[in-house]
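S.K.: One structure, as structure tokens, below. Some questions next.
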Amino acid sequence: MAGARPGVHALQLEPPTVVETLRRGSKFIKWDEEASSRNLVTLRVDPNGFFLYWTGPNMEVDTLDISSIRDTRTGRYARLPKDPKIREVLGFGGPDTRLEEKLMTVVAGPDPVNTTFLNFMAVQDDTVKVWSEELFKLAMNILAQNASRNTFLRKAYTKLKLQVNQDGRIPVKNILKMFSADKKRVETALESCGLNFNRSESIRPDEFPLEIFERFLNKLCLRPDIDKILLEIGAKGKPYLTLEQLMDFINQKQRDPRLNEVLYPPLRSSQARLLIEKYETNKQFLERDQMSMEGFSRYLGGEENGILPLEALDLSMDMTQPLSAYFINSSHNTYLTAGQLAGPSSVEMYRQALLWGCRCVELDVWKGRPPEEEPFITHGFTMTTEVPLRDVLEAIAEAAFKTSPYPVILSFENHVDSAKQQAKMAEYCRSIFGDALLIDPLDKYPLSAGIPLPSPQDLMGRILVKNKKRHRPSTGVPDSSVRKRPLEQSNSALSESSAATEPSSPQLGSPSSDSCPGLSNGEEVGLEKTSLEPQKSLGEESLSREPNVPMPDRDREDEEEDEEEEETTDPKKPTTDEGTASSEVNATEEMSTLVNYVEPVKFKSFEAARKRNKCFEMSSFVETKAMEQLTKSPMEFVEYNKQQLSRIYPKGTRVDSSNYMPQLFWNVGCQLVALNFQTLDLPMQLNAGVFEYNGRSGYLLKPEFMRRPDKSFDPFTEVIVDGIVANALRVKVISGQFLSDKKVGIYVEVDMFGLPVDTRRKYRTRTSQGNSFNPVWDEEPFDFPKVVLPTLASLRIAAFEEGGKFVGHRILPVSAIRSGYHYVCLRNEANQPLCLPALLIYTEASDYIPDDHQDYAEALINPIKHVSLMDQRAKQLAALIGESEAQASTETYQETPCQQPGSQLPSNPTPNPLDASPRWPPGPTTSSTSSSLSSPGQRDDLIASILSEVTPTPLEELRSHKAMVKLRSRQDRDLRELHKKHQRKAVALTRRLLDGLAQARAEGKCRPSPSALGKATNSEDVKEEEEAKQYREFQNRQVQSLLELREAQADVETKRKLEHLRQAHQRLKEVVLDTHTTQFKRLKELNEREKKELQKILDRKRNNSISEAKTREKHKKEVELTEINRRHITESVNSIRRLEEAQKQRHERLVAGQQQVLQQLEEEEPKLLAQLTQECQEQRERLPQEIRRCLLGETAEGLGDGPLVACASNGHAPGSGGHLSSADSESQEENTQL
């Protein structure tokens, strides 16, 4: 979480090595007490150190993933058989007294609760020690846990090669089981590689070398994403990369641009050639210095291309700073394996927590019952089981430093009200821990005011005790008394209280449990004061209480008087969050002697702690109390944690053992953020992922600004902090491989945890369609444009099945993420590596550069290019307006952004400005002077900067609303269908009429002649005139028949268009009203958000003013603090009033604008209806002329060739592409206007 030492880190991590004894194998008796079985087996480890394996009685090979091994134990820490038959077979009870030294227990499991125990007994002497130590080294190897993608694929191959049948062949069913998401694809891939693919068959190991396995994976999991990357690099259709292309790809895409080129020089051609030789197997490509697609894929999954540098995994932080400078991996109620109310307690949980890197464990100790009177550990007044204190201490002594050499803190919650048993507790600590127990403070770090705490390096291998400490009184009262204060010694305000005695056994149903409701989750709660305590101790306050407080509440408040949490001002407020069930008793001299650098005291105030300046005093906060302090005094909390330790623990109402988000309290520098290790929820996953780094030591150095006394830090800052280089990060999820054993859809979430301004949740890809083998997303990247404190930020990439089931995740420190294309091998909830599931992502990590400085940054990166560009622009301008004017214009252009920064801001014509967050100008929000808001102009600027203008959505934009688009589409379809129907009828009638005219002319009945068509001049030819008259009447009947049909159709179409127009108007009106309602709702939310932002600015200003005032002299400070508070109240009231007035005016402007939109809509409707009616009438009046032209071939002045004429002259159906289609387009134009 914080940076490493300056300079190039010398890597201390070593790859896993398997000694010859483990490779060759040793004889053991494997026994299982539950199954009453014992078998002679040969234990072996494969040469890569992936699996522990042996052959069972059924001649099938059993394997155990070494990465799942959590511990190995020998001697008295190994499990002893209890079954008489097994004991007899193993030789217990015989002459050999060294049998315990031959026992070995291997503890394995996916998490600290669900563990299994494999028991072995060596046949030969001196075998167990080697096996136990070497297996544990392999299991805890950091490089093995963070292996490359290629290594994990080789691990899957190794498992298939080990699990052979009785004939020494690889069963096909094992391959189908490993890739069970799509068995048909597996069979096809096996067949394409020339291997047996039937489930009942098997494969000879020599037919299945690693090269064939890689070919099988390529057939099984096609990689179009790799092809696309090659194309982008420049392969351009060729199946390979040249040496130059590979070198450019690594230096430009894979290289972190923040690296110093002297300490970390770019890749040279000789180094690129070595990569080709390592990953390319095709000799022809090798000879030409080329890398094939397969070789490139192997390079992407190689150890050189990890998402993190190995330095982040190694112990790379400075371990010589005081203890308060570190985040310390901490556990709450360590003994519990399930919920807080019921379930078993376990000694094993202490071992698992310590092995997992925990450096602070909790022990809730209660008084033992006669006759043994052995103190025990349990969760008081619940149904959880008990475990002996001695067993717990022995487990801690055995496991404390197996995975980390740095100090362990034992957080005692002491409920043992027996001096004898407290003395026994102290004796157990001394005898069991021996020299590891730190009793006397170090000479360099005495327990004095102003002396910092020792460092983890100073305390390596030491155990520290955190317990209530008794300070030697000035009176002569015996020190061994642990009795509770007699009633007559209590304050008079508590004279009516009954002195409830503490039960010796905290079980449900005990007589005193009724008077002490709640949970005892512990943190120095209810510490009783006796006459032996000094009268002026830190955190002591008046015992006066309201006399009408109910009896149990008053007792509980009295008991909590010396607890470490801050006392609430309301004496009637329940203490459910603290979960107090009973008071913690005072320590005897024996237990007090063991306390030194972690002395718990009740928290009173940050100011009181600063005055005392005792770094060895620490306080505990329940999460709710800590949240209050974090919200109220974040900067003071950070300052407090620079010198002293603080412990945060879950509230008592978390009876399901859920966890709070630890990032909240890391943000203010809290060191001991205690979580329930048995619950692997998101907070615990984040804790496990974060503490994986720095060599899994359990200690992470806090960022520099959280440690330096000369720097102040506001965790709620939203601007760049001077001295901290902010980062920018872009993450693109490209594809996944073998993500599930089921054929389901997969999606990926990308979250960032850090300061409030840095936290982003949740980016998410789409869900793949039933493909968990090789889903490809390749969507737009997820941007984190400004990470203010990258050393405190973590990136979480998690995959889930479409139903929400967890697949795997990875927690990455933002400050260490490499740029480029990388595989992310996923982990389970307990941060153990998964073999096959992986994601291919692309990242861009860089230093954050504000938009205003981008041009300057580019100019610094490439100054020659920048100068050339400026010269080129100057020459281009000189050609147009003359050189002197061009220079002046160029200078003006360069100065304008500095003179008018506001002019560069683009206008925001978004339809819904309520969705846009308000812009905060840097001046008023960051100023800490008391006069920053004094002038009215500045105050108005503050209101204006907070206030976002809200305008009604224009009518033109609402016409593009999806509801309107959908309605127009339906109406257009309706009109098209009506047109087609009318066209068919018109075409049929027109054809019949034209056929009738043609037939009349053919028969000669009414054949017209020139004299018949003109005025009759020959009175004698009456017959011809009669025929002409009959022909004209026939024509008129034909025309009238078609005209009546077309007019009826035109009326129907006009009615339909008018109906559509009214529908569209009504729908648009509904859209307008819905939009206005939504705007009002969002405006209300915006008002609240703006008030909160204003209050936050004013509070921050007040806190900054108070911080400045504290540095002044005492008599001036008090006066100034009073003035600051008075001014803050006045300023807050006035500012909020002005903001409310501005918001009221904005609301009125919005209402007026919305009324204008509605008025515009109402005024448009009659205009559109009249326009549409007129157009339809004009079309109807043109019908007689068009029909006569179609049937008779007449032309009229000003009448062009209509569609019916064209249809008649070309022999086509009238109306097939003319008038009706024109009406269609016109109706569509009418609808488009709405």
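Our numbering is plain: 1 for the first residue shown, then up by one each step along the chain.
Glycine too: its Cβ is placed from the backbone N, Cα and C atoms.
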S.K.: To which residue among Ser513, Ser537, Ser544 does Swiss-Prot attach the annotation phosphoserine?
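M.R.: In Swiss-Prot, Ser537 carries the phosphoserine label; others show none in the record.
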S.K.: Among 1001-1026, 1079-1104, where does Swiss-Prot put the label region 'Disordered'?
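M.R.: Per Swiss-Prot, the stretch marked region 'Disordered' is 1001-1026.
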S.K.: With Swiss-Prot as the source, identify the stretch among 819-822, 871-874, 1231-1234 annotated region 'Interaction with SHANK2'.
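M.R.: In Swiss-Prot, the region 'Interaction with SHANK2' feature sits at 1231-1234.
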S.K.: Which residue counts does DSSP give the domain 'PI-PLC Y-box' (591-707) for helix, strand and coil?
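M.R.: Across the domain 'PI-PLC Y-box' (591-707), the residues distribute as 46 helix, 20 strand, 51 coil.
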S.K.: Average the per-residue pLDDT over the domain 'PI-PLC Y-box' (591-707) and send me the rounded value.
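M.R.: On average, pLDDT over the domain 'PI-PLC Y-box' (591-707) sits at 95.
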